[in-house]
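Enquirer: Residues or ranges marked as region 'Disordered' in TrEMBL: 1-37. Look at TrEMBL and you will find 22-36 tagged as compositional bias 'Pro residues'. The repeat 'PPR' annotation in TrEMBL covers 125-159, 160-194, 195-229, 230-264, 265-299, 300-334, 337-371, 372-406, 407-441, 476-510, 511-545, 546-580.
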Amino acid sequence: MNRRPEPRLVRSLATAATSPAAPVPPPPPPQLPASKPPRLAAPFVAVLLRRGRAAAASLLTRSLRAAPGPEALSLLSALPTIRDAFSYNAALAALCRPGRGVDLPAALALLRDMEREPHPGGRPTAASYTTVMRGLCAARRAGEAVGLLRTMQASDVRPDVVTYGTLIRGLCDAAEVDAAVELLNEMCESGIEPNVIAYTGLLRGYCKSGRWQDVGKVFEEMSRRGIEPDVIMFTDLIHCLCKAGKTGKAAKVKDMMVERGLKPNVVTYNVLINSLCQEGSVREAMTLKKEMVQKGVAPDVVTYNTLISGLSGVLAMDEAMELLEEMVQGDIVVEPDATTFRSLIHGLCKMGRMFQAAKVREMMAERGFMCNLVTYNFLIHGFLRVHKVNMVMNLMNELLSSGLEPDSFTYSILINGFSKMWNVDRAEKLLCTMRQHGIKPEQAHYIPLLAAMCQQGMMERATILFNEMDKNCGLDVVAYSTMIHGACILGDTKMVKQLIKDMLEEGLTPDAVTYAIIINMFAKLSDLEEAEKVLKQMTASGFLPDVAVFDSLIKGYRAEGQIDKILELIHEMRAKDVALDPKIISTIVTSLTDEDGKLLEGLPDFTKELLQGHAASGVHELTI
């Protein structure tokens, strides 16, 4: 709870001298009773200034502005009864300051207190109303802000250009552009000349509403009034164009700035560079960076971070690392921040360059920056890919000791990584730890572990996990396909048929992968009749058998010596326009040649043409 400042704080402010060495003036001599009525006391800050206490007045105003809202109100209430607009306005600024706990009800209440002040010096000024209007506009309450304008006018307080500019911007941010235009017209009719800030707000409103045809009108009206657009206005327009995906037009606006004698600043260039990187045009962004240096505009950390992130996104890590070196050792040193290092680490981990990723992380730690959870996830994933288990466990310990908690994605990375290494026990333990920490496992956590168990023939453990998955998050085609694949590896046709039955009963349709797995199993078991049934089901379900399915069937028929079936499959592949690869051509040639390497007699012409065509292409040597 904020304590109310003691009155002695106010007294110390009141007696603060302009210089520490200033002598304390002697007390004034006693005065005789006045024959006239006493003069009305002046406001507090005015008294301080009249007594030469400018430092105390300045300190009071800064204290009111800098304090959090409740503290500012407490300090204001501790002042003498006669207060002034300066003190009130400073407190209003504290209550309406973005990012510091805005308290608009308190600000509006304080403004009403000002309106009731008996002394004219304590009543609201244009700055008082404008401060609260700015807070209302920031809270997307532009309508109330305009209402406050009418209250202000009714109180005979004249709005100024800042008041109108604040409201115009607030209305445009709320997409009420027409209301903003009316307010601009009202402003001009009342004799207040609009400035570039007011027009910048209107420009932003047109851009935000997609009214690009009206943007030119803003510049035309400014030209009629003799108001020159500034760098901020052009940069705003460039930013709006980039957000709308009009980067090319934004670049032309930048060139227009130069033609009008305005120099684009680092923000202008950063907006364009970011837009180019977002579009994947990183090379063009790098060219723009060279241009800005040539024009005497020094890149800042935002420039470098944007380019490094863009280069990392396209895995151009050598150039990204060169930019880091330029930052710390170039002609103009730009201190990297946490974002710089994180972008580099993410890109290096994607490429598997873990030694460099570790080095960048060391540099990051030397500068006092910590990894966030996303960066830890990238590092863990990268080291798992190269099977550096000790490094992974060290990272996990470090993550926990830094106060971070692994999330669902962290566990997904770990389980997937250890499952791919066939370290089923560790992956299963991680799944258990995840549940203990209150994170509900999803299919992304179960499937890699299930696949590892099935590939190693651990079907009993896989069945237990499969049933647990069914209970916790449900089963999908991938889960069934994984189990079917495991059963196929063991040649357990009974289990395969039961899984297919269960799958269909749940309303799930096998996909092309599932069908291919089953056909391959039956072909290997020489159960070609069953394989043909599955092939027909696959075709009826709208899936086109791929070359691997035909390869399995041809091998099965070759083992049975059924040349006619092989020819039927070749004809079917031709009819379905299945692209042949070297593997299946080799299978066909092996199946249709005799011991002397010659084609069997009596083959159809289309088969000979097929094989001759591939032989002419050098796919397989064949004697015809």
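Using the three backbone atoms N, Cα and C, a Cβ is placed for every residue, glycine included.
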Enquirer: Report the mean pLDDT of the predicted model across the repeat 'PPR' (230-264), rounded to a whole number.
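Expert: Taking every residue in the repeat 'PPR' (230-264) and averaging pLDDT yields 92.
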Enquirer: Using DSSP, what's the helix, strand and coil tally for the repeat 'PPR' (125-159)?
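Expert: Helix/strand/coil tally for the repeat 'PPR' (125-159): 26 helix, 0 strand, 9 coil.
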Enquirer: Please list the DSSP helix, strand and coil residue counts for the repeat 'PPR' (195-229).
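Expert: Tallied per class, the repeat 'PPR' (195-229) gives 27 helix, 0 strand, 8 coil.
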